[in-house]
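Taken from TrEMBL as is:
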type	residues	note
BINDING	CYS84, HIS221, HIS225, HIS231, MET239	Zn(2+) 2 binding site
DOMAIN	99-266	domain 'Peptidase metallopeptidase'
BINDING	ASP118, ASP199, GLU201	Ca(2+) 1 binding site
BINDING	ASP166, HIS176, HIS196	Zn(2+) 1 binding site
BINDING	ASP191	Ca(2+) 2 binding site
BINDING	ASP198, GLU201	Ca(2+) 3 binding site
ACT_SITE	GLU222	active site
Amino acid sequence: MSKEQGFSRRAIYLSPLSTSADGVCALRCYLKHYGYLPQKHDTSKDTFDKDLEEGLRKFQRYYGLQTSGKLDGPTKGLLTRGRCGAPDATPKSSLEANIAIPWGTKTLTYHLGTPSADLPKIDCWAAIERALTTWENAGVGLKFKEVNDVAKANIAIHWGPAEDADHSMVGNVLAHADFPPGESILRHPRDQLPLHFDDSEHVWVNGTQFNAFDIETVALHEIGHCLGLFHSNVRGAVMFAFVDDNFMLRRVQQDDILGIQQLYGHGWQEVDGAGTQTAMVMSDLIDSRVDGGGEAAEQQQELIQE
């Protein structure tokens with residue numbers, strides 16, 4: 001694997017700040033991929049220079065760490081946690097942006113491909129479908145429909161090797177997904193949006209287990225990208241980039257709801273079986289979805305500060 005293809009979390013963690021060439025190059029690859037260094041940045045430079053220090057400061061500032069520009073313990077801890085492979089800033093967006101662009105429709109199709117080898121197929125797909133249903137219930141009128149022909153899908157979901165054809169997931173990347181057409185960073189213009197899980201380096205479960213990751217938690221985050229949400233630096237939000245093993249977050253939080261509202265509107269009306277109009281009140285939705293989310297936010301805060 002070339003240095004441009006991926007990065008070693010072990011090399012980052014063991015780097016004694018400026019003396020390890022492997023650690024410095026791995027850090028450059030990481031910061032470049034996630035949007036903290038320019039796309040033309042030379043990742044082969046093995047010295048800790050001012051450009052790298054500034055990129056590291058941007059990362060620290062975004063995630064609320066001390067902006068020392070140094071590879072200190074808390075920074076190494078976050079850099080080496082499991083995370084989504086989507087960048088925090090894209091060539092078309094800044095770190096301040098929290099949304100990309102919406103789809104032109106609120107009804108999207110999806111295809112289920114290869115499931116994880118870690119548990120039965122029915123359990124894999126049930127977790128995915130629960131995550132889709134959560135976004136359907138987010139109050140903006142989204143609907144998802146499964147199709148058997150991947151060519152007819154808007155989103156193609158599967159587990160595969162870490163060396164994914166779209167972009168390497170080697171290291172601490174759990175999964176990656178793409179943004180809607182017009183903001184895409186991975187897909188060919190005529191292909192389906194990929195939502196891929198790394199099945200060769202990580203263990204997948206339905207629930208909580210040490211050294212394993214909850215499918216529904218990660219899927220909920222990745223589907224958010226497919227809908228047009230960027231990463232959030234709000235700890236405890238579904239769209240926060242990092243997630244730990246033995247952890248579940250299966251409810252969209254207020255920050256997530258505000259983002260999806262920006263993309264698709266603040267609510268909708270539908271006709272019930274009796275033919276009367278039924279309005280969704282977003283304040284009620286936020287109250288019900290965020291209830292219990294504070295504990296998740298506190299957990300993430302504690303994990304980051306370890």
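A Cβ is built for glycine as well, from the same backbone N, Cα and C atoms used for every other residue.
Curation does not apply to TrEMBL; its annotations are automatic.
Take the mean position of the Cβ atoms of ASP118, ASP199, GLU201, the recorded Ca(2+) 1 site; other residues of that chain with a Cβ within 8 Å of it are SER116, ALA117, TRP159, PHE197, ASP198, SER200, HIS202, VAL203, TRP204. A Cα-Cα distance of 12 Å separates HIS196 (Zn(2+) 1 binding site) from HIS225 (Zn(2+) 2 binding site). Checking each of the recorded positions GLU201, HIS221, GLU222, HIS231, MET239 against HIS176 (Zn(2+) 1 binding site) by C-alpha distance, the shortest gap belongs to GLU222.
Cβ neighbours of HIS231 (Zn(2+) 2 binding site) (same chain, under 8 Å, six or more residues apart in sequence): CYS84, ALA86, PRO87, ASP88, ASN98, MET239, PHE240, ALA241. Taking CA atoms as the reference points, ASP198 (Ca(2+) 3 binding site) and HIS225 (Zn(2+) 2 binding site) are 17 Å apart. Averaged over the domain 'Peptidase metallopeptidase' (99-266), the predicted model has a pLDDT of 94. Listed in sequence order, the residues ALA86, ALA177, GLU222, GLY224, LEU229, PHE230, SER232, VAL238, PHE240, ALA241 complete the 8 Å Cβ shell around the Zn(2+) 2 site centroid, once CYS84, HIS221, HIS225, HIS231, MET239 themselves are left out.
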